[in-house]
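See structure below.
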Amino acid sequence: MKKQLSSSCISLLTAKGSSSPTSKKFLSKNEGGLELKGTLKMWCLDDFQIGRPLGKGRFGAVYLAREQKSHFILALKVLFKSALEKAQLEHQLRREIEILSHLRHPNILRFYNYFHDRTRVFLMLEYAPRGELYKELQRCKCFDETRTATYMEEISDALIYCHAQRVIHRDIKPENLLLGLRGELKLADFGWSVHAPSLRRTTLCGTTDYLAPEMIDGRPHDENVDVWCVGVLCYECLVGSAPFDAPTRLETFRRIKEVRLVFPVWVPDGAKDLISKILNHTPSLRLPLKEIMEHPWVKCKSRRILPPVHKDVNACGVHNAADSAAM
């Protein structure tokens, strides 16, 4: 555990609460409890030992943290209410918390709980020791068939689960995928996701390179936008760049709508077949997630290993696989 924190880290975590009435819009006083050995635990910052920063974003930062009593390792995401209010994204945070609190899957980043003070909201999240897939892809330039096929099986399984819960992620990309202790994929950042009983939406969201044609056209979309993203992700993992990448946003949109796919010579035929079947302009004709998992190339190359099921839980209610030395 690091004893010294940077000045920016200290200022973020020790900022005094504001009495601004707008902060009351976020969460009620009675929210944020956790069932803990038969009692309702209300968390606060003093319950945690704060470690190194894991990342920084527009609205705050993420820190490695250890719960004081159980020594449970987790990631603590700190968000400033004022920044969220200024961007008018309070509803997005509420939606993300609501969705995450109901999801339990080995390839979805676990959400444990949240708490807040007058100026900040704190999300208690599973710690993914191997970091972002995006950084790993930058380091490796591209992945081999085995690794890519394994990721395809994992992300497809996670999305099958999400869609069964009537949840569309809508922003799948390497930056929103983390790697667990065993290198397994963890779907994260549900800020753009929706719980849609009809699974039909019209909002334009997501990242340019991963937008499906129907989203660019402003047409109603459903869970098939996530399927499209799986195809884009597969291509980027194998090649090192997105399939419709272009110098301008307009040209990228044009290539997406035309589904202008060009494969480098080293991409194997099996992967080409899979990607071509996923990246279909017509949403209903895209290869279903279950068939992605059962595709011959994925079945042959994937080396997915499901994590063991732990019966023992600690004070935070879950088994902690991360090594405390990570602090």
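Keep in mind that glycine also has a Cβ here, set from the backbone N, Cα and C atoms.
TrEMBL entries are annotated by machine, without manual review.
According to TrEMBL, the domain 'Protein kinase' annotation covers 48-298.
What TrEMBL records for Arg58, Lys77, Glu126, Tyr127, Ala128, Glu175, Asn176, Asp189 is ATP binding site. Of all Cβ atoms in the shown protein chains, 25 besides its own fall within 10 Å of the Cβ of Tyr127 (ATP binding site).
Taking the Cβ of Asp171 (active site, proton acceptor) as centre and 10 Å as the limit, one finds 20 other Cβ atoms among all the protein chains shown. The annotation active site, proton acceptor is assigned in TrEMBL to Asp171.
The feature SUMO2 cross-link is assigned by TrEMBL to Lys173. For Lys173 (SUMO2 cross-link), the Cβ neighbour count at a 10 Å cut-off comes to 19, with all displayed protein chains included.
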Original post:
Far apart in sequence but close in space: which same-chain residues, 6 or more away, have a Cβ under 8 Å from Glu175 (ATP binding site)?
Top reply: Glu132, Leu133, Tyr134, Asp189, Thr207
Subject >> Per-residue Cβ crowding (10 Å cut-off), top of binding-site residues Arg58, Lys77 >> reply: Lys77
